[in-house]
Amino acid sequence: MASPSRRLQTKPVITCLKSVLLTYTFVFWVSGIVLLAVGIWGRVSLAVYFSLLDEKATNVPFVLVGAGTVVVLLGTFGCFATCRGSTWMLKLYAMLLSLIFLIVLVAAIVGFVFRHEIKTNFESNLDQALKDYNVTADRHSEAVDTIQRTLHCCGVQNYSDWERTEYFSQRGIPQSCCKNQGDCSEEDLKDPNKAKLKVFVDLIGILLSCCLSRYITNNQYEMV
């Protein structure tokens, strides 16, 4: 009578196990493509927002691109190893998968724990960018203008944040806060009572920082 280990080596069982492993490897490979795409999108579309975070945060898109590339290459290797049925290749694939899982799990936990610091850091940097705002087109001033035009917001909490800046005492609230660019005179923008009728008044600062922190932490969880 054949032993249990012998029965497990029958062709149907091996074929079934290969199919399951190939399916998992394909899903793993697709997740790498997703990470790669999100990293590229973050670098291209969210660069202006990351410019108001500290230097470490600006590297997040590059980390995602790098992680996505590694996952895609490892998924390709796993698929090849499964099709070949090579024992040493499958063992190596399993070891690398375990290592990546542990690294990503730690990264996801760290991102979740420090998500509030990301929010606080962004608000602090945005507030400082408002205080240093000028029309000389420096990087942070351009970022503030782009954010206000794109997200239809004004200031960190609301338009009144500008009243505490040096720029306001000289020229009022920036044009980038205006709902209608053609309906905002400098006189209106220097008067808070008139300005509030013509500028965006949404409390967008907190919302934006939350979105950024979710972008960072959620994409870490996608890797898991």
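Cβ atoms here come from the backbone N, Cα and C positions, even for glycine.
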Exercise. What range among 62-80, 195-213 does TrEMBL describe as transmembrane segment?
Worked result: 62-80
Exercise. Within 10 Å of the Cβ of C153 (disulfide bond), how many other Cβ atoms are there?
Worked result: 23
